[in-house]
Amino acid sequence: MALLDLAQEGMALFGFVLFVVLWLMHFMSIIYTRLHLNKKATDKQPYSKLPGVSLLKPLKGVDPNLINNLETFFELDYPKYEVLLCVQDHDDPAIEVCKKLLGKYPNVDARLFIGGKKVGINPKINNLMPAYEVAKYDLIWICDSGIRVIPDTLTDMVNQMTERVGLVHGLPYVADRQGFAATLEQVYFGTSHPRSYISANVTGFKCVTGMSCLMRKDVLDQAGGLIAFAQYIAEDYFMAKAIADRGWKFSMSTQVAMQNSGSYSISQFQSRMIRWTKLRINMLPATIICEPISECFVASLIIGWAAHHVFRWDIMVFFMCHCLAWFIFDYIQLRGVQGGTLCFSKLDYAVAWFIRESMTIYIFLSALWDPTISWRAGRYRLRCGGTAEEILDV
């Protein structure tokens with residue numbers, strides 16, 4: 001009996017610690033968003049003396065927004081940069097899109113690389129290798145095909161690249177688009193994702209996604225260059241780790257990494273979340289414990305039980321009140337990341353928020369059930385530590 005009581009006291013203590021940690025994350029991310037995001041960065045050096053940047057753009061396939069997204073990179077207001085467009089397959093329709101833009105912007109230093117170079121199992125690295133090997137500037141900007149920018153995006157990122165900074169990254173977010181699937185994505189990338197992403201970076205944990213990353217090429221070369229990360233599927237995590245291990249700091253751009261894919265659906269979003277969860281579980285096994293208890297409904301039940309055990313409060317009343325507070329703070333977070341008026345109603349937000357929160361356990365269990373992932377037309381079996389092997393169809 002004494003052992004059971006001790007276990008219950010321990011669980012109650014855990015519940016209160018969880019409460020403090022999660023709400024610190026809420027406050028940290030909201031305050032950081034208000035103070036840092038969507039602000040004009042201070043110019044650290046004269047415009048004419050900004051260092052050159054090599055933009056590496058991995059492309060595969062075409063969606064309705066691809067040409068408009070790509071065109072924003074040809075219209076950057078930056079004194080010295082090159083655009084290196086990378087397409088793996090010779091019959092990829094993205095090649096025609098690239099050629100059209102190369103013809104439209106002859107004054108932009110841009111080249112097209114077709115065929116890639118097989119150096120490992122990561123298809124993105126394989127696609128980028130030829131461009132990386134001939135990149136002529138000291139700063140490398142790897143940016144996904146679905147990202148769109150505004151004219152001063154690169155200037156903002158380079159201004160964050162101060163003396164001891166080795167990597168500048170953008171907080172992933174989603175552009176305003178039509179349909180409920182777009183709303184669901186926007187709610188996730190404006191609430192749950194920035195709460196974890198920002199609070200991790202504020203407290204010193206290196207949390208980086210590779211959607212838009214500006215890095216020092218010499219530091220990457222010291223780590224073995226891009227080829228050193230071809231054995232991983234989550235190459236962005238391991239590149240960031242290699243840079244941090246060499247004593248360099250990270251900085252976050254004041255502008256978000258604006259995803260604007262023209263192809264999206266609820267099933268695509270769900271598959272993406274499952275794939276990301278599988279990668280996190282294999283890279284960071286502690287995710288198995290930490291991730292489920294950091295989500296609203298599970299956390300509210302644990303904390304509600306702790307409050308009932310200590311204060312005899314009604315669990316369901318506490319659960320509902322805690323979820324309501326979470327819901328409100330998430331809306332504040334979302335408005336901060338958006339930096340303006342949302343394109344959907346509060347009712348749309350409420351429905352999308354509830355569905356997203358309800359999906360979390362299914363996503364997590366699905367990730368545990370099957371250790372293989374499908375990505376860029378390939379299938380891979382993940383191994384502990386983040387490496388993977390390609391599954392070849394016989």
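Here the Cβ of each residue, glycine as well, is placed from N, Cα and C on the backbone.
The membrane topology recorded in Swiss-Prot splits SER267 and TYR380 across the two sides. DSSP places the residues of the topological domain 'Lumenal' (1-10) in helix, strand and coil in these numbers: 9 helix, 0 strand, 1 coil.
In the structure shown, across all protein chains, ASP236 is the one of the recorded positions LYS117, ASP236 with the greatest number of other Cβ atoms within 10 Å. Ranked by number of Cβ pairs under 8 Å to the transmembrane segment (196-215), the listed stretches 11-32, 288-304, 349-369 are led by 11-32. Packing against the topological domain 'Lumenal' (1-10) from elsewhere in the chain are residues 309: each is 6 or more residues past its ends and has a CB under 8 Å from a CB in it.
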